[in-house]
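*Asks:* Sending over a structure as structure tokens; questions will come in a sec.
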Amino acid sequence: MDSHALLTVGILSAIGFCSCKNELLLNGPLDGAVGGSVEFTLINPPSPPPNLITWRFTGYTENIIVNSFSGGNETHVDYVGRISVNKTTASLKLRGLTHNDTGRYSVSFLISGVGYQGGTSLTVFDKISNVKAEANQHELVEFNSSVILTCSASGSYPSFRWFNRSADVTGSDNRTLTVVNVTRYDTGPFQCEASNAINVEMSSEVNLTIAYGPDSAVVTVKPPDSFYSSGSDITLSCSSESKPAAQFQWALNGTLLGREGPELRLENVQASQSGAYSCRAYNSKTHRSETSSPSTITVLERISGAAITSTGGVWIECKSSVILTCDAQGSIITREWRKDGNPLHGVNIDELNRTVSISPLKKEDKGYYTCQVSNPVSSETASKGLIVNCPLPPWVIVIIVIGVLIGVTAVIGISIFLLKKKGKLGLPMGRQAPPQNNASTCNEFPSVSSSSVPLSCRFIR
């Protein structure tokens, strides 16, 4: 080293870090990882480049790291092989970092007799590693249980954050996370993030098993319908939100049927099986149960054997009365009466539409009566003809008899007239009439009874 350089080093060493006129701005504060490297750079590098640059460390000890000049470097033994100095920018690169490198770093130099000085700091960290998340229990019951999750990590000055299903858990900046009265949405996966100024690491996932329910027990009926015909097959299914899966029991009108399982099959169902079906869901872990709303099943027997019966037979006298009764086998919901194809009016029909009463009968009551018996799954029509026999009034009968007698008399009179006119009484058609002197023959029997007189003579007389 020449005498000028030695003099400069001596001056800088003597004055230390005095309050200089021109302060240098350095990057930082800096963070580094054990085994890594950092570079101290000047934001306002010197111009022109200084002849002598001195870097100093103040930490667990105080050392001049290096005096760098145009002819070479004087390096402290602790930094040999670990540093590089850029003589143009005055920057310093430090490698192979250890915790002992944590401290303050400063640089100084002279340019044209003017001193320059600046400093920054370095903190050396161990990298974050071995991040683990653990729960104090893994099987819990919704609303009843609480869980404590703990995070651990290797490395310097770790800070922690918790995530549930990749979402940040608000306010979870501690090593432990406590979830009170867990819900079904707290199953995770939970992860812990550990970080420091150097790096960030995530833990493996922690999953919780949370028993819940049963909730919302629902009965589904297939095929869905309001009414079912006897003999149909019906399947009822029960579902519920539950973990583990719920156990199911079936009830009819509130009475347990002794049937278990998520399905209830009703095969060849009969009307006696109609009613309100419900299921009860039970969770053996939560010891809770839920009963569904009832589903009403209405089974109807098909209509058959529809018939109309009447009092008095088919021929019924006027002014009498008749009762028509409509009956059938099966589940009768409605009866509809018609007469000659038209809705039946003007007669007495009972509340059930079962009987029709007509009194007194009139001639216009005769006709063709039908009754349609039906329910939502079937129907059948019965029919009956009704003939009303109304006798004629006496005066009508008298007129008819007189008319008949008059008619008969007129016919006889006309016949006699025509025969007399022709004069052919007692002769066959096509033969000549007897001679006129035969009339005297008829006079020969003046005192003889008419039964002995010839027919032709009787008419002449």
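Going from the start of the chain as shown, residues are counted 1 onward.
Just so it is clear, glycine is given a Cβ too, placed from its N, Cα and C backbone atoms.
Straight out of TrEMBL:
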DOMAIN    126-209  domain 'Ig-like'
DOMAIN    214-298  domain 'Ig-like'
DOMAIN    320-383  domain 'Ig-like'
SIGNAL    1-20  signal peptide
TRANSMEM  395-419  transmembrane segment
*Asks:* Do you know the DSSP helix, strand and coil residue counts for the domain 'Ig-like' (214-298)?
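*Replies:* Residue counts for the domain 'Ig-like' (214-298) by secondary structure: 3 helix, 53 strand, 29 coil.
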*Asks:* Write out how many residues of the domain 'Ig-like' (320-383) are helix, how many strand and how many coil, based on DSSP.
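*Replies:* Once the DSSP states are binned, the domain 'Ig-like' (320-383) shows 3 helix, 37 strand, 24 coil.
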*Asks:* Per DSSP, what is the residue count of the domain 'Ig-like' (126-209) in each of helix, strand and coil?
*Replies:* 3 helix, 41 strand, 40 coil
*Asks:* The domain 'Ig-like' (320-383): mean pLDDT?
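*Replies:* For the domain 'Ig-like' (320-383), the model's average pLDDT rounds to 93.
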